[in-house]
Each structure stands twice: as C-alpha cells, then as structure tokens.
C-alpha cells in the first residue's frame, strides 16, 4: 500500500486502521463524520477525530465560553447567588479566575483552591451546560471555604462535596437527565443521578481502590450530605 493510501485510511504502516482520516478541510471532515455514522470508525478513531476537532475549534470554543461565562456571572440567578455566598465567606470568583480552556481529558470542569475554576470549553454543549458546570464547581468552592475540605486525603470529604455539587447545581434535574443523558426514570431520578455522579467522581481519585470502595464511601456520607442544601434553603433546581 502506498503512503497516500495509508494516510487516507487514517493509519500508518504497522498500525491498525482506526477509520480516522487526518485533515481539516471540509471534505475530509464530512468523510470522517460519515465513517462514524456508518460504524466504520473505531473508538480510537473517534477520539482522534474529537481531538482534531477540539484543536481546530479551540479559539472559537474558548471565546464562546468566555462570553457565556460573563453573561451568567451577571444575569444567572444561581450563579449570582453562589457568587454572593462565596463572597460572604471571604472568597471571590469572577471572570479572572474562572478559566475557559481546551481540555485533553473528557470532563466538564474542575475546581482548585489555589487557582479557581476551570471550564473545559471544548466540552460545553450550550449555555445551560455551562451554567450547570459553573454552579457545580461553585458549590465545591463554597464547601472548601465553609467546611475546610481535605481534597487530597479524605475520600469522605470528597464524596460529600460531590453529592452536594451534583444535587444543588441543577445538573441532575429531571429534564437534564431525560433529554441529555437518556435517563428515562421518573421515580428517584434525582437521587440516582446524584449518587451515580458522586461515585464516578470518587472512583477517579487516587485514594480510591475500586468502584465498590467509591460506592461504600458515598453511602457512608449520603444521608447527611444529600440533606445539606446550604447555602440554599432547599434544592434550587
């Protein structure tokens, strides 16, 4: 096989063909999309396609994220409330420490006590998704200031703040689960979503042994942490 033929099939000599075709032109992008739709692209190829797309759209994604972030900081009721609650505890989250960046791992965002909030601009589906993500990370910031969370060494602390963030941010409300994630249950949907996302987050931490360990830790703190809606009077969304 010639070099050009190998390149057109998204593979190199000695490497398995993933179905991904490198290239930024419109025709190549459409060929990749049709390859995905036809089931001819492997999971590795799909990831290659996503990475190339994210790099190509990085400037536009970050600009859109920053514009929506600034709008939400000014007009979103939940974001403004969380900002005020954090400020009352001596913290300050604003456009200068809520960063929109392209992320290489598949997550929506993150919180670091020393730096602020990271929003993965290439993972944001729309402004509603960004609002949920900002609210989630702001709950972490609030918990860090109010409860002195030990992020590195205490899995129970991590589980508790993940339960609260998923419950209070709005990311587990019924409409979000139904239309975006394909979760069709009507009863106990909110609790199941919160539990599922908390277990996944705890499982990803270095101190967690396996999924059973993550589930055990979440169960140990579930009742008290799920009932704790501070700084809200009740679950807002």
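Numbers here mean position along the shown chain, with the first residue as 1.
Every residue, even glycine, has its Cβ placed from backbone N, Cα and C.
The active site feature in Swiss-Prot is assigned to 137; the stated evidence is sequence analysis. Residues or ranges marked as divalent metal cation binding site by Swiss-Prot on the basis of similarity to another entry: 136, 140. Residues or ranges marked as compositional bias 'Polar residues' by Swiss-Prot: 1-18. Taken from Swiss-Prot, the feature region 'Disordered' covers 1-24.
Long-range C-beta contacts of residue 140 (divalent metal cation binding site), restricted to its own chain and to partners at least six residues apart, with a cutoff below 8 Å, comprise 111, 149, 161, 165.
Around the residue listed as 'active site', the C-beta neighbours below 8 angstroms that are at least 6 residues distant in the chain are 109, 110, 111, 117, 118, 119, 165.
Of all Cβ atoms in the shown protein chains, 26 besides its own fall within 10 Å of the Cβ of residue 136 (divalent metal cation binding site).
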